[in-house]
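As given in TrEMBL:
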type	residues	note
TRANSMEM	43-63	transmembrane segment
TRANSMEM	161-186	transmembrane segment
TRANSMEM	206-223	transmembrane segment
TRANSMEM	278-298	transmembrane segment
Amino acid sequence: MCCGFIMIITHILSGPRMRLLQTILKISPKLPSKSYQKLSRFIHVKDILGTISVFVQICIYVPKTEEFNVWGVMASIFAVYCVLVVVHTNMLYINCVYVLKACFKNINDDLMHIQKLMVNDTRPSCVSMLIGHIKRILLIELKILKKRHLMLSNAVQMMNIVFSLQLLAIILMIFSITTFELYFYIVHWRDGILISFDDPLFDKCLMSIIFWATQMMLLVWICETGKNQAQQICTTIHDLLNNTSDKQVKDELQLFSLQLLHRDNTFSAKGLNVDATLFAAFMGSITTYMLILIQFLIMSHSCDKKSILHK
């Protein structure tokens, strides 16, 4: 159900998604070549390993189906397509967040470089012209960085709108898959004590749990570190304010600080912040539901035993 919903929303929002990618494309050329290489390695390795993992699961699952027929093959192809859409939608979101994180880091690095170049008015008068020239360059650079930060903040807000429904559905789907497949795996592991299941899907079950849990951890990690990188800019701006005595530079920094206060660069889905708190709640909910399901299973098993004894 979630796969179908994600697939429909993905096709409906293809236009806004392309505009978002074009916006990120306009921002990313400001990154240095070293950052581009790091981005490229991360994105390619992650996407290749993710796609290989999906096809490995398919290879494990498909040979164990009972029989091959036309409708079965069509259903399998459609199921594979749905899963690939979900996985690559999640990967695309992670890639976009990672690029924005690198852009925030680049702004922070430029601000730290400005901090090193910052000069005071207590320098000798013979270099006053040089100091004035440096200050003009710093003011221009601060205005450029402020504009770039505004573009990045707009891109974050755009992402929160474009990917919100898909991201919410992906989180719900990962929660459901992880909970029930972990439950079935534990029941199978306790085979002979609680209940018996057929074997064909249990090797896939564990691999599926690991795959989707990894997807969730990667999603939360990239959003949490991206948010922290955006917040780090605020700290650097305040350090600059404390280290300068020039009125013009201070005014520009205060305007930048005011812009930071009005921009919440948190990655979210319909008000649900994707961060470490969400992951803690995610794990806590899975544990709670697992205990409830296992408790019901034990109770039903004990009731069956009692009914047999009474007979």
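Backbone N, Cα and C define each Cβ position, glycine as well.
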Task: Tertiary contacts of the transmembrane segment (278-298) (same chain, 6+ residues out, Cβ under 8 Å) - done: 171, 175, 178-179, 182-183, 186-187, 194-195, 216-217, 220, 272
Open item on the list: Using a Cβ cut-off under 8 Å, which residues of the same chain at least 6 positions beyond either end of the transmembrane segment (43-63) come close to it?
Closed with: 76, 80, 83-84, 87-88, 91, 94-95, 98, 201, 203-204, 207-208, 211, 215, 218
